[in-house]
Structures are given as structure tokens and as C-alpha cells.
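Visitor: Below are the C-alpha cells for one structure; questions will follow.
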Amino acid sequence: MATQEQCQVLDQTQVGPRYFKLTLKSLYISTNAEPGQFVNVRVDSGTEPLLRRPISLHKINREDQTFELLYEVLGQGTELLSKVIIGSKLDVLGPLGSGFKFDPEKKIAILVGGGMGVAPLLPLAQQLKTLGGRAVYALAGARDKSCLLCETDFAELANEKVVATDDGSHGRRGYVSDLLLDLLNNTVEARHYPQTTIYACGPKGMLKAVAEIALQRQIDCQVSLEEKMACGVGACLGCAVMTTGGYKTVCKDGPVFNAREISW
């Protein structure tokens, strides 16, 4: 169940050329949020921009009653958000959507993030480490070194962390889907595929490639889709995607889906 509340801004930090981390205070959201969910943020009290901005939950700290958002400045809304000062308050609706699912029988978790797609995977990595009993692999890809995010965080939370950049400026040269193929071919033995889950978030082309790799090897795969949203609660149908069961909304039925459901 989502709530709408005024959340105090505790911190705002620029972590890259266009990337910011925003820390907000909320007992309800920090207590009830799950990895893979998101919040809808009203960035200004006026009507420009009119619509809220959907942003994935990047960190959830139940003890401190805070949550963190990682976002990229892409337009007017996120530009305004980047100017928000510590101590001010933001109108936030959340937590929203359906997050990642956990199967206690699965003993291997592979996290695959492309670009900003790493954002919702960090709280997942935190929860997997807390649960214990699993080998966690974190694979991250970006256009270049300046766009590569959360590398240190994943190094602390995962058993193994591997990165790739399109231009080879950091890590391996290539795509994050190449890292996944390498991991499955050389590290995770085929006999362990039934005990493996792939969790992925990133551009649609990347998700399609990851889903195809998972399907070929009969590995469970959950994907967090990125779509433009308006209402955030499934009413406007602006984020509908075609699935094997008909159209579903990313904001309400997702953003996390079984990769087999999506009509790529």
C-alpha cells in the first residue's frame, strides 16, 4: 500500500556528470518498501512540470528510516530535482509497483545492470547479503567510465563483481550481456542453472539479450522494465507493455516481470 507524504531531504550528492543521489526521510516508505519498487516524486509545487517523476528505490535503510534515490538529470523535472536543498521537503508517493521475488531454493543470484539499471539492483544485493546462503554475482555495464555507477557498493555486497564499458575505458570492453555469457560459460556450471536466478534492469535491448540468454539455458530471469509513466498506479495505462497474458502496466503489475512474460 502506497502513501503520499512530505519527505524531508537529508542529503543530495552529485556522483557523476549527470548523476545524483538523494536521501529522504520516511518511516512508512523505509519500513514497507521492497527491492525493485519505486516512488513517484513531485519535483515542484507548481504545475511545471505537472507530472511526478518515477524513480527507483536505490537504498532502503529501515533502521535510519530513510531511503535513497539515484537519478540522472535528463530534462526539466530532474534538473529541478537536482537543485533541491537539504532540509527542504518533497511530495512523494510510494512505495509503488511490484518488486523482485525471492525463492529460498535458489542458491545463486546474478545481478545484471546496464547504465541507470544498476539503481534498483543495489537494495536487492543488500537484501540477498542479509538473507545469506547465496552466491551473488554483480555485473554492471555502461557507455563509458563516467557513466559507471555503484561499483564500490557492489564490490562490498557481491561475491564477485565484474564491469564492462562500451568503449573499454573501464573494465572489459563490450556489453554487460557479454559478461553474463562469460559467467555462465566459465563460472556457473550448467548443473547449477536450476538453482540460479538472474535479476536484470537496464535498456530494453540489453534486457532482451539477457532474457534470451536465460531462456536458452532455462534459467529463471526477472527483469525490471523502464517505461515512461504518468500516474504511477495503473490508471492512465501510459506504461502498458505487451505480455503473454495481454497488456500489463509497468507501474502497477511491474516494474519487475518474469522475463518469459514479456513479448520482446
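Backbone N, Cα and C define each Cβ position, glycine as well.
TrEMBL: automatically predicted annotations, no manual curation.
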Visitor: With CYS231, CYS236, CYS239 listed by TrEMBL as [2Fe-2S] cluster-binding, which of these, CYS201, CYS251, is given for the same site?
Guide: CYS251
Visitor: Among all the protein chains here, how many other CB atoms are within 10 A of the CB of CYS251 ([2Fe-2S] cluster binding site)?
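Guide: Around the Cβ of CYS251 ([2Fe-2S] cluster binding site), 27 other Cβ atoms lie within 10 Å.
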Visitor: How many neighbouring Cβ atoms, not counting its own, are there within 10 Å of the Cβ of CYS239 ([2Fe-2S] cluster binding site)?
Guide: 23
Visitor: Mind telling me which of the binding-site residues SER56, THR78 has the densest Cβ neighbourhood, counting other Cβ atoms within 10 Å?
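Guide: Counting every other Cβ within 10 Å of each candidate, the maximum falls on SER56.
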Visitor: Within 10 Å of the Cβ of CYS236 ([2Fe-2S] cluster binding site), how many other Cβ atoms can be counted across all chains shown?
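Guide: Its Cβ has 14 other Cβ atoms within 10 Å.
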Visitor: In terms of DSSP three-state secondary structure, what is the assignment for CYS236 ([2Fe-2S] cluster binding site)?
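Guide: Note: CYS236 ([2Fe-2S] cluster binding site) is coil by DSSP, not helix or strand.
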